[in-house]
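Colleague: Take this structure, written in structure tokens, and hold onto it; I'll ask about it next.
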């Protein structure tokens, strides 16, 4: 083994020394490949594990926390929700359509491998500014890829979030979430057991695609990365649909012992992890693996990341039953090995042993790092923001039209209309609301779900940014009338070998854990994506929280939109003017600076409690979270965001320090609620009793949105139709008849 | 009444059609596997939406050769009611059971959206319960719904009144802006000359319960049930 | 024996993809492009046999499945040397050894 070869496998000299010590000899090439992927950051979590184990993962309704393919939460009536979010950032940068499509394919397999039928997809996306053709090409390709896969397989994409900032130009983020429902007594795990039981390969044939995907996801990008196209896999949603139906069918029998999808590091990772969980060994012969190309080596077969493949361990003697079921679905299914007693992974090629490694060496004994951390000095400078130097707003109307057209705030219809968000007849709240809501088939319940993350906040203060993301996620599902249950998360960061990045990570995980503990929403799993850097330029540390909540009565779903003229509008929660890290400062003053809005998690919990209680009592007609763009944008969204005709409102606000702070400050823990007038006193009394500020803002009615601020000039008075036009055009304007041209240009200039 | 829903590999609205028939309409439904040779005792056939065979060559091109399609054609020839939704419509076009062909959407993108549809022909077993000029609110969700017919076929469609649904504005005007995919003359659904085979791009099954935001799809399913009942009473509708 | 089947939209049918590509080429500095039509190429390997019989079979395949005659035209071509042209080696990742 030459140092070059070892380095090409992403292993350090020290890691190679340990590897040799474990084996007591030089590894074979196949073994080197296996170690390289299993010890990669992507598979081993070697930099993040020590922090992640501090997260709260227990709860009375949590049936499965981190460690399996997805988290499992009890939702009553003998059913469970199975969900997970995962990143597919690097592949999507190299080939946006296939990268995003295979991301969707992978997360779907994570869910149905647990015995759940996938019922809802969501995506959290980050790109560079749309003025750049290349970013438009990436967005178009990613959206088409998500739709291409999800629409074809028939799982609705019900929601998500998309943001734009310079730092994502060379590192777009594609985080995909999936939720499925299973019977509580029919959950499957990825565990091998029973010495002698057959190990069965099912699904697509293995090709040379995706080799080294896992190590690629663990490296920063440099010039020439785009030439790596061959390592990106191509998705086949049609085959996955067959695989999904066949797997759910075999799971109705008792022929299976365990099942695992082949994702990153393909056959290697699935055999090793199944063996590790069951504390047994697995022996396979790669010559039996169905192959798409001729002359593949054991190295290639073990490392291939060809899509739409699963690994099954069945009960001895049930092989024929399993194989014939898959053949009915026109899928390859082959016994490629057996479970063994000695906890080793043994790989043969036509009988000849080409790799034999103790399973523990690849899992629990994989390297574990407590990497150096260091608080970046530049944070102090960024945190300092002197508002005296920034002129206050003069023209409320102009500013509102401008901020609602910012792609970060504008309607995302251009994106979600490319997704089938209706298939399976469960979608109750469609994309565009705070949370998506689906009904749970066969019950009176519904599930609300939301993806949230604010990279700017995490950049300015990772700990608080992560807390804010958890709080917003919970608030969003509360806005749908649901009780927050649990989270999954996707942590997107730069290079962990940089102590400042590692500090951001450590802080963010701590903040996320604290918020989850206090809000009672445990972490059921997640995914860490490091090395989101190109040529030293990193992304904002981006914590994306997937929050899931439960509604007992599916007929009582809340939406954000104003319902009737005459309804009274309230602001529940603190009234402050915090402009630090806001969309307003970014858009109007090109500033990403200041102290992020402060969050009091006790207050957050109380605000959510009052909202749920008043909804329970039947007093609420709508509820909307104040997020990016602050109170003015939240009010505008309540007027224009709904499926029907827009509705106006007349609002009167107390004067503050600054007009921009009152209108566009992003103080958290705030909700815009509406109620019939006769219920106003009751809501006010309940809020007062709980110690939650509750301000009467005005009433719904008319065809314009009027916001007057006491003692301030430059109030807002605009026809809602005009606000809606600006909001609808924000993203759309970049794409009229443009998409294909950009695609070509992106390819040619990229 | 018993509805048979044909399941092709890659169908994904089969389950939705089943649910709409059972829960929304309160009638019987059963799945028919594409490898089946016979249809059993069904009263109406539904070819559901989805991506049969991944839509890999052209939407519907491969599914039309499924073993069951012989029986479907025979059922249609004998006057049985056949409803093709989205991918089902595409299969009926490829099979030659309906005139015309589907192109990729004009904007080259998949589109999922609730649209308004004007009922152009109420004199079919699928629409006879609609009011004159009724406007239905149903969702479309497809990448290839840009209906095309050559000039002769188009003339025939218009002369024989075979255009059943057109995309329109909420107030019923046929405009370019109301057309989600570039379909010729805003055509969203057509029937055959005998009137017993109907294909449409919008999804009536997605508008079959109040909780889903529209029940307009039930106008189509109820029309089918009512015509089948009249038939069994000895009265021929089409 | 290897054949290529070219399937394109009929002249009378609008090809939005072709139009978009034409526009892109124009903005990239190729004003001489008058028209672009996008189609698909289907490569088919056949058991060796008589070419004229093979052509008849391929045209039948086109009519029945590969093209939709309502909207598409097709053309069949044979590769120059029926037995000479062999598959090229795959170029993706090889054993780094």
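Backbone N, Cα and C define each Cβ position, glycine as well.
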Colleague: Looking at ATP binding as recorded in TrEMBL, which candidate out of A:489, A:492, A:564 goes with A:45, A:84, A:526?
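Modeller: Looking through A:489, A:492, A:564, the residue TrEMBL assigns to the ATP site is A:489.
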Colleague: Would you identify which residue of A:109, A:117, A:328 TrEMBL lists as part of the substrate site it also attributes to A:87, A:88, A:89, A:90, A:233, A:305, A:306, A:307, A:529?
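Modeller: Record source TrEMBL; matching candidate: A:109.
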Colleague: Name the one residue among A:84, A:109, A:489 whose Cα is closest in three-dimensional space to that of residue A:527 (Mg(2+) 1 binding site); these are the binding-site residues.
Modeller: A:489
Colleague: Per DSSP, how many helix, strand and coil residues does the domain 'PurM-like N-terminal' (A:67-182) have?
Modeller: 47 helix, 45 strand, 24 coil
Colleague: Considering Cα atoms only, can you say which of A:87, A:109, A:261, A:307 is the nearest neighbour of residue A:526 (ATP binding site) among these binding-site residues?
Modeller: A:87
Colleague: When secondary structure is assigned with DSSP, how many helix, strand and coil residues does the domain 'PurM-like C-terminal' (A:565-703) contain?
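Modeller: Counting residues by DSSP class gives 54 helix, 26 strand, 59 coil.
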Colleague: If I take the Cα of residue A:489 (ATP binding site) as reference, which of the recorded positions A:86, A:88, A:89, A:109, A:261 has the closest Cα?
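Modeller: Minimum Cα distance from residue A:489 (ATP binding site) across A:86, A:88, A:89, A:109, A:261 lands on A:86.
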Colleague: Treating G and I as helix alongside H, and B as strand alongside E, what does DSSP give for the domain 'Phosphoribosylformylglycinamidine synthase linker' (A:9-46) in helix, strand and coil?
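Modeller: Taking the domain 'Phosphoribosylformylglycinamidine synthase linker' (A:9-46) as a whole: 25 helix, 0 strand, 13 coil.
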Colleague: Given a separation of at least six residues and a C-beta threshold under 8 Å, show me what packs close to residue A:87 (substrate binding site) in the same chain.
Modeller: A:103, A:173, A:174, A:175, A:176, A:490, A:492, A:527, A:529
Colleague: Using Cβ atoms and a strict cutoff of less than 8 Å, what residues sit near the domain 'Phosphoribosylformylglycinamidine synthase linker' (A:9-46) while being 6 or more residues removed from its termini?
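Modeller: Here the qualifying positions are 1, 3, 52, 212, 214-215, 217-219, 264-265, 268-269, 272, 297-299, 302-303, 345, 347, 354-358, 361-363, 365-369, 496, 528, 530-531.
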Colleague: Tell me whether residue A:527 (Mg(2+) 1 binding site) sits in a helix, a strand or coil according to DSSP.
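Modeller: In the DSSP reduction, residue A:527 (Mg(2+) 1 binding site) maps to strand.
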Colleague: Please identify, among the recorded positions A:45, A:84, A:88, the one with the smallest Cα-Cα distance to residue A:109 (substrate binding site).
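Modeller: Answer for the nearest of the recorded positions: A:84.
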